[in-house]
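In TrEMBL this protein carries:
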type	residues	note
TRANSMEM	17-36	transmembrane segment
DOMAIN	72-530	domain 'Major facilitator superfamily (MFS) profile'
TRANSMEM	147-167	transmembrane segment
TRANSMEM	179-198	transmembrane segment
TRANSMEM	204-225	transmembrane segment
TRANSMEM	237-257	transmembrane segment
TRANSMEM	263-283	transmembrane segment
TRANSMEM	361-377	transmembrane segment
TRANSMEM	389-410	transmembrane segment
TRANSMEM	417-436	transmembrane segment
TRANSMEM	442-465	transmembrane segment
TRANSMEM	477-497	transmembrane segment
TRANSMEM	503-525	transmembrane segment
Amino acid sequence: EGCPSVKFFLSLYRFQACVYFASVFQAMSCGIHYLASVFMAVTPNFVCGFPGNVSSVLFHNSSASSIEDIWTLWTSTENYIVVQLENGEIWELDQCSRSKREVGLDLAYEYKGNKSVFPCSDGFLYDDTKWKSTVVTQWDLVCEREWLAKLIQPVFMLGVLIGAVIFGDIADRLGRQRVIWFTSAGQFVFGIAVAFTFDYYSFVVVRFLLAMVSSGYLVVAFVYVTEFVGIKARTWASMHVHAFFAMGIMVVALVGFLVRTWWVYQIFLSIATLPFVLCCWMLPETPFWLLSEEKYEDAQKVINTMARWNKVSTPCKVSELCSVQQDELASGRTGDNDTSSTKKHNILDLFCNWQIARRTITVWLIWFTGSLGYYVFSLSSVSLGGNEYLNLFLIGAVELPCYVIACIAMDKLGRRNTLIPFLILSALICVLIMFIPQDFNILIILANMAGKFSIGVAFGLIYLYTAELYPTIVRSLAVGSGSMMCRVGSVVAPFCVYLRSVWIFMPLLLVGIMALLSGILTIMLPETLGKPLTNTLVEATEMGRNKKSCSEKTPPAHSGAAVEKIEMFGQETVSTDK
C-alpha cells in the first residue's frame, strides 16, 4: 500500500503542498528557539578567581603550570584547586569562595593551618574545553547568582504561554496571514537581537519576546495549514508540523556541536528562519477566514489562484458557498429549538455535570503530563552522559517515527486504545531507567529515547482526541483550555529538571507518576473513533455513557454541501501548541 506519510504528501494539491511546506518549514525555528538554551545556558566547571599571576597549580597529586591543564582531572564540585602566585601567596580555590593560607612555604594539597576566607571578588575561572562562552560564563551566573541561570528557560516558557494566547486571538481578529508575517519576522529579529544583548536582564527580556512570537507562529501555523490542506489530510498535516518542530531540535544539536560560543551559536540558529522570512509575504490569507469576515472578493481571488495552480477548470464560486451555508443555517434553526447554540459559553460549561467534569480533569491532566514529559526528556538529554550533542539529536530524531505510529494507531486501534498503553508505557520506562546502572550510558540513552517516543505519541494524539470528546458549542474552549494546561506543563518542566540536584531520578519519578495516573484515568474516557462529532453537552454526556446519541442530527457546522464543495481547501482546524 505504501508509506502512509508518502500517501499524505501525494494527497495534497499542488497549491496546498507549496503553502504547507513553506509554513511548516518555519516550525523548525520554533523547535530551535524552544531548546536553544540547553547549550546556550550550560554551566561548565568553574572555581573562584585569584588576585595575581599564577606560578604553579596543584590538584591532589597532579601539578601543572596553569589551571587549564587541571580541568581534565576535575571530577566533582567538592574538589578545590591549590595555586601559588608569583608573589609567593598560596590560595585554595573552591567554586564559590577562596581561602588564603596564612602559613606555608611548601606547596601541598592538604593543609591544616589557619586560612582566611574571601569572597570571589575577582570573578571566576571557567573550563572552556567544551564551551568557549555561554551566558553563564558571560555574566557569572553561578553561586549566589545561579538562580538567575535557572530562570532562563522557565521565563522563556512563560513567554510561550502568553504569546499563544495573544497571537491566537489576534489571528482570529486580523487574519492568519498577517500574524504569520509578523511572527516570522519577529523570530528572526529577536533571535539576532538575543546575540547582541548587553546584560542578563536585556537577554531575558528579548528571549521572552522571542518566545512570544515563536509560540504565536506555531499556534497560527497549525490553524493555517489545516485550513488549506483539507479535512481528509487534517490529522497527518497537524502531526507533521510536530515532526518539523522535532527537526528543529536536531538542528540545535548540530549547531551546538559546531559552534561553541553562545552568541555566534544564537546567530546561526536564527539564520535558519531567514529563507521563510524572505518569502512569507507571498503566502495568501485562508479563504475561510476571509469568508468569516465577509471579504468575499478577496476569498474568490484566493480560490481562483488555487484553482489555477491545481489545474481546476471550474473553481467554486463564493456566492454558491454562501447560499449553501445560509440554507444549512436556516434548516438548522427550524430543526432544532434548543437555544444553547446561541448561548455564550465559558469555562464552567466544561464542568456542567460529573461526567463532563471528570472528562475535563482527565484531559487537562493528559495535556499537562504530555508537555511535562516531552520537555523533561528533551531538556535532561544533555545530562545523560556520553556525547550530549548526539543525545539531543537522537531525542529529536525519535519523534519523526513517533508521529507516524500515532497517526496509524489512532486510526486502526482508536484514540483511547492508543493513548492508554503509551501513557502507561512511558511510566514503566521512567521506572526502568531508575534501575539501569549509571555506567550503562548507551542503555540509559536508548531508554530515554523510548520514553520520549511513548510520551510523544500521547502528546501528539491528545490534540485531536480533545476536539472529538467535546460538543461543537464548547469544542474550541476545551481545546484552548487543554492547550493552556500544556503550556503550564512546559513552564513547570525546567523546574522539574532542576530537581536532579535533589535526586538524580526525581524528574523521571514525577513524570512516571503523572503518566501512570493519566493512563489509568484515560480508561474512563469514551472512544471516539468512527463516531460522529457531538453538538450539545447532552450528546457528549451520553457518548460517555456508551449510549446511543439522543440526537441523530448532524451539526450544521460539520456537515452539508458547503464543506463538500471546498473539501480540497480544508475546514476543520485544531489549535495546538508545543
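One-based numbering along the chain as shown.
Using N, Cα and C of the backbone, Cβ positions are placed for all residues, glycine too.
Contact counts against the transmembrane segment (389-410), taken as Cβ pairs under 8 Å, peak for 442-465 among the stretches 204-225, 361-377, 442-465.
Looking at 204-225, 237-257, 263-283, 417-436, 503-525, the range that has the most CB pairs within less than 8 A of the transmembrane segment (477-497) turns out to be 503-525. Note on the transmembrane segment (503-525): residues 358-359, 361-363, 365-366, 368-369, 372-373, 376-377, 380, 416, 419-421, 423-424, 426-431, 433-434, 451, 455, 458, 469, 496-497, 544 of its chain, located 6 or more positions outside it, place their CB under 8 angstroms from a CB of the stretch. Looking just at the domain 'Major facilitator superfamily (MFS) profile' (72-530), the mean pLDDT is 84. For the transmembrane segment (204-225), the most Cβ-contacting stretch among 147-167, 179-198, 417-436 is 147-167 (pairs under 8 Å).
Sequence-distant neighbours of the transmembrane segment (263-283) (same chain, 6+ residues past either end, Cβ-Cβ under 8 Å): 19, 22-23, 25-26, 28-29, 32-33, 36, 39-40, 133, 177, 180-181, 184-185, 187-188, 191-192, 194-196, 248, 251-252, 255-256. It is 361-377 that, among the stretches 17-36, 179-198, 237-257, 361-377, forms the most Cβ pairs under 8 Å with the transmembrane segment (417-436).
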